[in-house]
Amino acid sequence: MARPKNVKYVFVTGGVVSSLGKGILSASLGMLLKSRGLRVAIQKYDPYINVDPGTMSPYQHGEVYVTDDGAETDLDLGHYERFLNESTSQASNLTMGRVYKSVIDKERRGAYLGGTVQVVPHVIDEIKDRLAELAKNGNYDVIITEIGGTIGDIESLPFLEAMRQMKLDMGDRNLLNIHLTFVPYIRAASELKTKPTQHSVKMLLETGIQPDILVCRSEKPLSSEIKRKVGHFCNVNNLDVIGLNDCDTIYEVPLTLLQEQLDLRVLKKLGLKKFKEPDLVYWREFCNKVKHPTSGEVTIVVCGKYTEYPDAYKSILEAFIHAGASNDVKVHVRLIGAEAAENEAYDFARELEGVHGILVAPGFGDRGIEGKVAFIRYAREQGIPFFGICLGMQCASVEFARNVCNLAEANSTEFNKRARYPVIDLMEQQKKVKEKGGTMRLGSYPCIIKEGTKANEVYGKFLINERHRHRFEFNNAYRETFEEHGMVFSGTSPNGELVEIIEIKDHPWFVAVQFHPELKSRVQAVHPLFHGFVGAAKSYAAVGHQPELAAIEPHFMPEPTAEAYAAYSEESSAESKSFFPDNGGHDEERDSGQ
């Protein structure tokens, strides 16, 4: 493995239990190093055999995070983007399935010259080569790699072996391991217990890896005595035992780690001396707004299909935190399963009392669709601010067709292939697609916004780029009928063929989009649609009439370049060729609970 000069590597592992927050830790460290002037790349290694999480159920994996270049990735990449305010890519997520697939493909091509293909060296070398490629293709000072899973899992062993070999080759000054562990608080004894951490480090040592820094998650702050004890039994300097007790919000984690001097310990161990003091004024102000808003609170319902597992809507929930801060309000989110509203006895007035906005979330498959349509109808008829995303836009189109355009049998061909009025239909270029994984319309595409619309008002521009993940689209055969009944098609593809945004003008806020705006909302760049929607809910809570949008800084959505616009404008009318040629996807099989 040829390593570019001067690139330093940080690997983040986890022990004791899963879900300790390795992604938040990695993102926080990346943000702190970036704030000191370093160029940081961050990536996630997942040990599962799936090529990507695109075909995995939301109940098992949570949200699938889509990047600009059309990669379907782990939700931790969302944390990376939100904390670092930088876009990730296909290179930012590597699964063991992708590694094995690459090795097997090479073997079939005869790349190993008749040799016996083994985990060592071939699989390990593939992992190391992927990391070297990332370093070579970017101008980075530090590359942070989060290894998914928990120490002791058999699936993670190849990644750990690759890290061990790299550290042996590069030396301690070029690669370090941060191990995240759990120090439980036993209430009966009023004590923090370090034994689980000791055993976790012992298991890591069995792989040949001595952790350089320990970050200890705990309910209570770690005393200096506890840190000395952990350091003594884990063969780590007590200065390298970092306490990370529970925070009120994940956005306080970087501030806690800064206070614990994690970034300084990393810089010292890697021999990085040229850096500046971090400027975290904006970050502190943001956390203060999240914890102590001064303009009241709003309650927003998220109607979805996977509401038992909030991680399925991770980016939506985080976008509401950003939009709450930008509107100086506390946003309370209530997750409601769409199937509940399919019961004729469902009392919307009682169940939605005190609700100031309704968001109908993305999803796949026909389960709960009629419930989503019912929620949309209630929001439209009662003048409650409404926001639909992806499937939410498609359901809004079905509802409008049935109850406003008098097309009672309107539906999407995803749910009824013989629908009398197929207002939502499979995209033309998808009709010959047979494979599920890696075949949807994925990644960033442009959208032209119509002047004088709500979309134009919140974006403050006419050309935007947004991320997509879908196969079905609005059927243009019904555009004229919809417009005659008051629907505004406020955003389309540059060639005008694909509907991207719809809205109703005589409504406080009724906006639905085919793309996924939640994937581009960040701490330092709140998404304008979420900002506008929460602003509408805030006004609805106060006076119940047409909202006045709160002011927002104009820097949050970078303008596409003229070259990008020209490239998109030259697409065919069917838009069959993606700007990113390696896009992929899948659909309804993820809804394992249909």
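Glycine is treated like the rest: Cβ placed from N, Cα and C.
Sequence annotations record features per position, and here Swiss-Prot assigns active site to H516 (among others) based on sequence analysis. In this structure, H516 (active site) belongs to neither helix nor strand by DSSP; it is coil.
What Swiss-Prot lists as active site is E518 (among others). Within 10 Å of the Cβ of E518 (active site) there are 27 other Cβ atoms, across all protein chains.
T197 (CTP binding site) has a Cβ environment of 28 other Cβ atoms inside 10 Å. Under the heading CTP binding site, Swiss-Prot lists S18, D153, I154, E155, K193, T194, K195, P196, T197, Q198, K229, citing sequence analysis as support.
For S19, L20, G21, K22, G23, I24, D76, the entry in Swiss-Prot reads ATP binding site, with the evidence type sequence analysis. Counting only residues at least six positions away in the same chain, the Cβ atoms of H79, I250, V253 sit under 8 Å from the Cβ of I24 (ATP binding site).
In sequence order, L359, V360, A361, P362, K372, I376, A512 constitute the residues six or more apart from G392 (L-glutamine binding site) in its chain with CB-CB distances below 8 Å. According to DSSP, G392 (L-glutamine binding site) sits within a helical segment. The L-glutamine binding site annotation in Swiss-Prot covers Y59, G363, L391, G392, M393, Q394, E414, R471.
Taken residue by residue with DSSP, D76 (ATP binding site) is part of a helix. Sequence annotations record features per position, and here Swiss-Prot assigns Mg(2+) binding site to D76, E146.
The feature compositional bias 'Basic and acidic residues' is assigned by Swiss-Prot to 584-594.
Marked as domain 'Glutamine amidotransferase type-1' by Swiss-Prot on the basis of sequence analysis: 299-543.
Marked as region 'Amidoligase domain' by Swiss-Prot: 1-272.
The region 'Disordered' feature in Swiss-Prot is assigned to 562-594.
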Express in Å, rounded to the nearest integer, the largest CA to CA distance found among the ATP-binding residues S19, L20, G21, K22, G23, I24, D76 named in the record.
12
CB contacts for S19 (ATP binding site) [other CB atoms within 10 A, all chains]:
10
Quick check: with S19, L20, G21, K22, G23, I24, D76 left out, which same-chain residues have Cβ atoms within 8 Å of the centroid of the ATP site Cβ atoms?
G14, L25, S26, H79, E146, L180
Given the binding-site residues D76, E146, E414, which one has the fewest other C-beta atoms within 10 angstroms of its C-beta?
E414
Roughly where does the domain 'Glutamine amidotransferase type-1' (299-543) sit in mean pLDDT, to the nearest integer?
94
Could you tell me the C-alpha distance between L20 (ATP binding site) and E146 (Mg(2+) binding site) in angstrom, no decimals?
12
